[in-house]
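A quick write-up on the structure given underneath.
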Amino acid sequence: MGACFSSHTATAAADGGSGKRQQRKGDHKGKLPDGGGGEKEKEAARVEFGYERDFEGRYQVGRLLGHGQFGYTFAATDRASGDRVAVKRIDKAKMVRPVAVEDVKREVKILKELKGHENIVHFYNAFEDDSYVYIVMELCEGGELLDRILAKKNSRYSEKDAAVVVRQMLKVAAECHLHGLVHRDMKPENFLFKSTKEDSPLKATDFGLSDFIKPGKKFHDIVGSAYYVAPEVLKRRSGPESDVWSIGVITYILLCGRRPFWNKTEDGIFREVLRNKPDFRKKPWPGISSGAKDFVKKLLVKNPRARLTAAQALSHPWVREGGEASEIPVDISVLSNMRQFVKYSRFKQFALRALASTLKEEELADLKDQFDAIDVDKSGSISIEEMRHALAKDLPWRLKGPRVLEIIQAIDSNTDGLVDFEEFVAATLHIHQMAELDSERWGLRCQAAFSKFDLDGDGYITPDELRMVQHTGLKGSIEPLLEEADIDKDGRISLSEFRKLLRTASMSNLPSPRGPPNPQPL
């Protein structure tokens with residue numbers, strides 16, 4: 001379903017390596033096949049990970065499940081409990097470069113970070129001996145998502161069934177992003193069903209190309225699988241948004257049985273991804289609901305800043321059908337935007353509040369879900385404790401206690417010690433999505449927000465008008481507040497300058513080239 005390429009050295013998947021899993025029969029009677037090695041084995045013996053070294057005593061090895069570039073994956077049985085597991089064995093002799101060792105360590109760290117999520121393969125433990133590393137995980141026997149797609153009539157899912165599958169993939173992406181991770185290789189081959197039942201949960205199994213996010217950075221390498229790669233990956237400036245693009249490609253395939261971008265060569269596929277739009281005219285698209293088409297289009301927006309986040313996508317009416325608001329995780333971009341809001345000038349904060357007040361309920365569905373996720377006691381407002389709980393998650397930054405209070409105070413425009421929904425919206429708007437997805441509506445919203453300050457309707461905001469807007473509660477000199485937006489330095493703000501000010505408000509959460517983030521005390 002798609003060639004795998006990478007300029008990033010990595011252990012590949014829970015299948016023992018990158019590429020298609022190969023189903024094999026055979027019992028190895030408790031011993032793993034010898035990979036050979038000679039001098040390489042002696043060299044490998046010097047690589048130490050610090051993992052437990054009693055794998056053979058703990059597990060009875062069974063049939064081979066698959067293999068790849070770096071090793072094999074086997075079924076195994078826990079000798080003490082009788083539980084069946086999957087074991088990924090990675091050959092130390094093939095870790096000839098330090099980066100390969102770091103990749104194994106990172107993959108184990110990632111599996112530990114994501115442990116416990118219902119749609120991510122469960123990690124039990126990591127072991128090693130002189131020759132191999134063993135990663136013990138949940139055994140999934142329902143086959144790949146790819147195989148189920150191919151088994152469907154015309155290789156298509158019904159909309160209802162597709163939404164169930166896509167919802168699970170989005171939950172994985174949202175969980176990764178909340179933990180400061182980007183998956184980087186979302187494709188049907190990397191999702192397994194727990195069992196052969198039709199309603200079996202889907203499990204993400206391959207984190208070999210995954211990497212950590214560091215705020216303010218981007219990935220500059222090209223990794224992933226050709227059919228699912230996002231445009232920004234090919235431009236070597238990618239982040240968590242690339243996972244959402246890949247899920248958009250998978251959704252397109254689930255609904256129509258075809259790839260949205262196809263060519264005979266890898267370079268040709270890349271050209272299609274960069275230049276062309278998916279086709280929604282050929283059958284079966286005319287018979288597919290407008291909601292499904294709207295959903296796919298919003299995931300396949302070429303500009304990553306205008307693309308839905310994974311958590312936003314979970315709030316879309318099509319994929320949410322049958323799902324509950326409580327199932328929607330907190331969006332990393334919402335927390336990042338709140339953190340950024342504190343750094344804005346007072347006038348920019350005022351402008352965002354004015355913009356928020358112009359938006360209609362249907363435009364705010366995803367932010368309402370986010371507000372409800374943080375408002376644990378369902379009081380209709382977010383308290384300091386609820387905000388502290390939301391911001392205490394395992395983020396790519398670390399907030400000290402006083403900073404949480406500072407965020408609350410910046411967002412809380414009426415100074416009642418709580419954050420209501422309108423205040424929350426002002427601090428968490430995805431400005432670039434609004435501006436890019438519907439430029440006409442964006443223009444009308446900016447005009448409406450501008451009019452709240454332009455009291456005499458002459459097309460400019462003056463210091464006197466800003467002073468007269470009572471809800472700002474300003475004292476002292478007003479002129480300094482306008483300086484940031486007053487590009488032509490004429491002492492007043494035009495509509496064009498106002499719109500540019502709003503456009504500078506954007507999410508600052510971007511990923512790093514390599515390695516886990518160093519928490520940044522603020």
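Note: Cβ is positioned from N, Cα and C throughout, glycine not excepted.
The compositional bias 'Polar residues' feature in Swiss-Prot is assigned to 1-10. Residues or ranges marked as N-myristoyl glycine by Swiss-Prot: Gly2. Here Swiss-Prot flags 29-43 as compositional bias 'Basic and acidic residues'. The domain 'Protein kinase' annotation in Swiss-Prot covers 59-319. For Leu65, Gly66, His67, Gly68, Gln69, Phe70, Gly71, Tyr72, Thr73, Lys88, the entry in Swiss-Prot reads ATP binding site, with the evidence type sequence analysis. Positions annotated as active site, proton acceptor by Swiss-Prot, on the basis of sequence analysis: Asp185. Annotation source Swiss-Prot lists Ca(2+) 1 binding site at Asp375, Asp377, Ser379, Ser381, Glu386. Marked as domain 'EF-hand 2' by Swiss-Prot on the basis of sequence analysis: 399-434. Under the heading Ca(2+) 2 binding site, Swiss-Prot lists Asp412, Asn414, Asp416, Glu423. The annotation domain 'EF-hand 3' is assigned in Swiss-Prot to 441-476. Taken from Swiss-Prot, the feature Ca(2+) 3 binding site applies to Asp454, Asp456, Asp458, Tyr460, Glu465, supported by sequence analysis. Sequence annotations record features per position, and here Swiss-Prot assigns domain 'EF-hand 4' to 481-508. Residues annotated as Ca(2+) 4 binding site in Swiss-Prot, with sequence analysis given as evidence: Asp486, Asp488, Asp490, Arg492, Glu497.
Each residue of the domain 'EF-hand 4' (481-508) gets a DSSP state, and the totals for helix, strand and coil are 11 helix, 2 strand, 15 coil. Closest in space to Asp458 (Ca(2+) 3 binding site), of the binding-site residues given as His67, Ser381, Asn414, Asp488, Arg492, is Arg492, taking the CA atom of each residue. Reported as a whole number, the C-alpha separation between Glu465 (Ca(2+) 3 binding site) and Arg492 (Ca(2+) 4 binding site) equals 10 Å.
With a cut-off of 8 Å between CB atoms and residues at least 6 apart in sequence, the same chain places Ala485, Asp486, Ile487, Asp488 near Glu497 (Ca(2+) 4 binding site), listed in sequence order. Note on the domain 'EF-hand 3' (441-476): mean pLDDT across this stretch is 84.
The two recorded residues, Ser381 (Ca(2+) 1 binding site) and Asp416 (Ca(2+) 2 binding site), show a Cα separation of 10 Å. Residue counts for the domain 'EF-hand 3' (441-476) under DSSP, split into helix (H, G, I), strand (E, B) and coil, are 20 helix, 2 strand, 14 coil.
The Cα of Arg492 (Ca(2+) 4 binding site) lies closest to that of Glu423, out of the binding-site residues Gln69, Ser379, Glu423. Spacing of Ser379 (Ca(2+) 1 binding site) relative to His67 (ATP binding site) is 52 Å (Cα to Cα, whole number). For the binding-site residues shown (Asp458, Asp486), fewest C-beta neighbours within 10 angstroms: Asp458.
Looking only at the binding-site residues Asp377, Glu423, the densest Cβ neighbourhood within 10 Å occurs at Glu423.
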